[in-house]
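Quick look at what TrEMBL annotates:
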BINDING   28, 283  substrate binding site
BINDING   60, 89, 94, 120, 142  S-adenosyl-L-methionine binding site
């Protein structure tokens with residue numbers, strides 16, 4: 001009998017709901033913001049040397065929270081320089097949130113925004129068909145490599161678009177995070193539909209090492225409060241479980257034994273720590289900055 005489990009990505013509205021709840025319950029954006037404040041200025045120190053215009057490509061820009069922070073750092077490093085910021089994002093709802101955010105932010109003078117409502121693969125295919133290969137000073141791919149079919153080819157393509165002083169920045173889950181044991185054990189039981197795959201910093205390092213590319217690695221400690229996952233029937237808990245397993249309505253559609261095992265796994269010290277009555281899931285991230 002076919003499993004009633006469906007990939008979370010097949011229900012964009014529920015995916016977005018669970019993703020926003022994940023952001024609200026985790027230090028994901030907080031630790032990214034700290035990185036952007038402290039380390040990003042050094043990363044971008046040479047991308048715009050004596051250039052009248054800086055070209056930035058955001059691959060999977062989402063609703064733009066982190067993008068606008070990156071842009072503010074580029075503005076601070078290169079005052080008065082014109083910035084072209086192109087965004088690749090397949091979710092129309094996220095793009096409209098991004099546009100709202102831009103409209104509400106007064107400090108974005110000198111920045112020209114262009115949105116492409118498509119996946120990174122669709123963008124690549126379109127550019128190849130139009131025989132275009134625009135070069136970029138800074139390309140970032142934040143938490144999006146799980147949703148591409150061919151990770152090495154995607155990295156290789158966008159890396160090939162870097163200017164001589166450019167940088168490619170990737171953020172994704174760290175091999176030290178709890179996503180690692182959870183997905184290594186149970187990933188094959190989740191309904192991925194080829195729409196989502198588990199990759200961590202370990203996979204990216206392997207890809208870059210075998211391609212002989214130079215990169216720097218930064219680790220960002222992060223956690224997510226998953227206490228509500230253990231409250232039977234709690235709506236937030238069910239949405240977070242969906243996000244953790246990339247499964248639509250996991251607690252209702254998973255076989256009882258799989259659900260029991262996953263809930264046990266989430267409590268283990270490899271996955272979470274108990275603190276002040278809360279269960280905190282290890283959500284550590286890695287930032288990988290690749291040279292041209």
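Placement of Cβ uses the backbone N, Cα and C atoms for every residue, glycine included.
Other Cβ atoms within 10 Å of the Cβ of residue 89 (S-adenosyl-L-methionine binding site), summed over all protein chains shown, number 26. Annotation for residue 28 (substrate binding site): same-chain Cβ neighbours under 8 Å, separated by at least 6 residues, are 22, 222, 224, 283, 285.
Same-chain residues with CB within 8 A of the center of the 60, 89, 94, 120, 142 CB atoms, the S-adenosyl-L-methionine site residues themselves not counted, are 58, 59, 61, 62, 87, 88, 90, 91, 141, 144. The maximal spread of the S-adenosyl-L-methionine binding site, taken as the longest Cα to Cα distance among 60, 89, 94, 120, 142, is 15 Å. Long-range neighbours of residue 120 (S-adenosyl-L-methionine binding site) (same chain, six or more residues apart, CB within less than 8 Å of its CB): 59, 60, 88, 141, 144, 148, 154, 158.
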